[in-house]
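The following features are taken from Swiss-Prot:
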BINDING   15, 16, 17, 127, 175, 201, 255, 300  UDP-N-acetyl-alpha-D-glucosamine binding site
């Protein structure tokens, strides 16, 4: 079958951790001549970024119920019936050659209907702990791919309602412009260390509050040069916080060119979302990882442990991190140590993840 006649249905929704890796694969397959359409909701991030990328959307009426009230849970059967019908209609109309599910509750009805109609189904799990949708769909999938090793087999992982799944560790698709700095470049730098602080697109209040106070405890000669992404809601407050601490810092509400930000920094302080961890590894950036304490199934701790256990990062839980402890850690950092950590990060990276997932989709279409 010619690539120009192949069609991919993507199912990923809700957050950037699901949407952006799926978008990377979708764009790669479009470059190879595939037609792509996307199953999503109007409430998720996909409603904004997927049409902007020129990909057709098929809307489904699906919402999560975890942490919701009783009424929402009682309405789940009716909501699923509607979403199943919408997904079934999309598959019958568009007749995709391969269906790619990359998490989020939106993927569940589409994945179930793809299996019912005997469409090749690929499931990719971005986190170190399998999400509910992917745990269910993994039992039906033709190929199960993971961003971290041993997902669905960890003792701490959630059970799956079938025999043990055979999963393949392919890594997390990241943007192609995120690559490691040339070997030895960071160790050869002189002057103050360069610190990048990132709390995600919305910022991280705990990091915004803690980092300025920690840097204020250091002698001025030991302070790194700081670029701090605050999140749009926190930019003014964070600038005031650095000013009150008498610490010079470049505060940005959002960093458009993360590839350049990674290349320019010596180390980072950030959360441990799946995309962040994958990007740090590909960019070879040592990091202090502070997992978001309220992440579903505490998956950010597992994500962070992947780098920390290999000596590529420090892992500190938010409840254990104080300004004093952070200042002590920063004071003990030197370029040789950072260079060694950077090498470890690069060894763990899977920079070809996007192409690998695309290759697997193509193989199933033959």
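We number each residue from 1, going along the chain as drawn.
Positions of Cβ are set from backbone N, Cα and C atoms, glycine also.
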Same chain, 6+ residues apart, C-beta under 8 Å of the C-beta of residue 175 (UDP-N-acetyl-alpha-D-glucosamine binding site), given in sequence order: 20, 24, 258, 259, 279
Residues near residue 255 (UDP-N-acetyl-alpha-D-glucosamine binding site) in space but at least six apart in sequence (CB under 8 A): 198, 227, 229, 261
Other C-beta atoms that fall within 10 angstroms of the C-beta of residue 17 (UDP-N-acetyl-alpha-D-glucosamine binding site): 26
Number of Cβ atoms other than its own within 10 Å, given for residue 300 (UDP-N-acetyl-alpha-D-glucosamine binding site): 26
Largest tally of Cβ atoms lying within 10 Å of a Cβ, found at which of the binding-site residues 15, 127: 127
Residue 127 (UDP-N-acetyl-alpha-D-glucosamine binding site) - helix vs strand vs coil (DSSP): coil
